[in-house]
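**Q** What follows is a single structure, and I will ask about it in a moment.
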């Protein structure tokens, strides 16, 4: 922008390895913004399937949370403002709390205790995060929430016999590892990358892979839950590519 005047004002949030306002005068980080669109599309596919087959509401909420997270990420990268960064990071924590609930609630005997605690925890985090910039503390906190999900997710995996369902879990791990590598390279080697003729846009690739990552995770969890409810789940593919869960509920349900 001319004279250093940007459409959204001065940058007040963390920047990534993409030059600002190059592709558009109205979007600070163009590729990091539009790369969230696949996440929204995939979440909509999952939401339609969850509603059409009348899965439990938790899965509709989960897909909607993916959409909210993607929109938050878009506004953050489009503006590079601190408030929008918090609007991206807070839904990340909320989503992980939702994953914790979905993973652990089937074996939780006190049904109201867990959702009440997780709701209060999420609300408290949102209030504190609106006032404090956590920096590395946020990453550590988010990583710990992810680690809490890992043992239960692995338990589901080893108790799943269906080959296509297990492939979803493997795709989840693969997209997570490749995406994390792209994220780290974009973050750690930004100065070198900026000297290249072509910027591979590692953070944007991370967004795309995380969209698929969330979709694979959600679909796998829907399969596992349908198996718990004895809904005879099967993995089918939309357009021969997008996996989804098809169920057959007993007539009494």
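Count begins at 1; order follows the chain as displayed.
Quick reminder: no glycine exception, Cβ is built from N, Cα and C everywhere.
What you are looking at is a predicted structure, and each value in this text was computed from that prediction instead of being measured.
Not my notes, these are from TrEMBL:
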BINDING   16, 18, 20, 29  Ca(2+) binding site
BINDING   77, 203, 207  Zn(2+) binding site
TRANSMEM  30-48  transmembrane segment
TRANSMEM  60-80  transmembrane segment
TRANSMEM  117-134  transmembrane segment
TRANSMEM  169-189  transmembrane segment
TRANSMEM  204-224  transmembrane segment
**Q** So, taking each listed stretch (60-80, 117-134, 204-224) in turn and counting its Cβ pairs to the transmembrane segment (169-189) that are under 8 angstroms, which one gives the highest count?
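**A** Looking only at 60-80, 117-134, 204-224, the most contacts with the transmembrane segment (169-189) come from 204-224.
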**Q** Determine the Cβ neighbour count for residue 203 (Zn(2+) binding site): the number of other Cβ atoms within 10 Å of its Cβ.
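**A** Around residue 203 (Zn(2+) binding site), other Cβ atoms within 10 Å: 22.
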**Q** How big is the Cα-to-Cα gap, in Å, between residue 16 (Ca(2+) binding site) and residue 207 (Zn(2+) binding site)?
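**A** Cα-Cα distance, residue 16 (Ca(2+) binding site) to residue 207 (Zn(2+) binding site): 13 Å.
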**Q** At the Cα level, what's the spacing in Å between residue 29 (Ca(2+) binding site) and residue 77 (Zn(2+) binding site), rounded?
**A** 5
**Q** Find, among the binding-site residues listed as 77, 207, the one whose Cβ has the highest number of other Cβ atoms within 10 Å in the structure shown.
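**A** When each Cβ's neighbours within 10 Å are tallied, 77 tops the list.
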**Q** Fill in the CA-CA distance, residue 203 (Zn(2+) binding site) to residue 18 (Ca(2+) binding site), as an integer in Å.
**A** 9
**Q** Which one of these binding-site residues has the most other Cβ atoms within 10 Å of its own Cβ: 18, 29?
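**A** In terms of Cβ crowding, the pick is 29.
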**Q** Taking the Cβ of residue 20 (Ca(2+) binding site) as the centre, how many other Cβ atoms fall within a 10 Å radius?
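**A** Other Cβ atoms within 10 Å of residue 20 (Ca(2+) binding site): 17.
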**Q** Just the number: how many Å between the Cα atoms of residue 77 (Zn(2+) binding site) and residue 18 (Ca(2+) binding site)?
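**A** About 10 Å separate the Cα atoms of these two residues.
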**Q** Other than 16, 18, 20, 29, which residues of the same chain sit close to Ca(2+)? List them in sequence order, counting a residue when its Cβ is within 8 Å of the Cβ centroid of the site.
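**A** The surrounding set, listed in chain order, is 15, 17, 19, 28, 30, 31, 32, 77, 80, 203.
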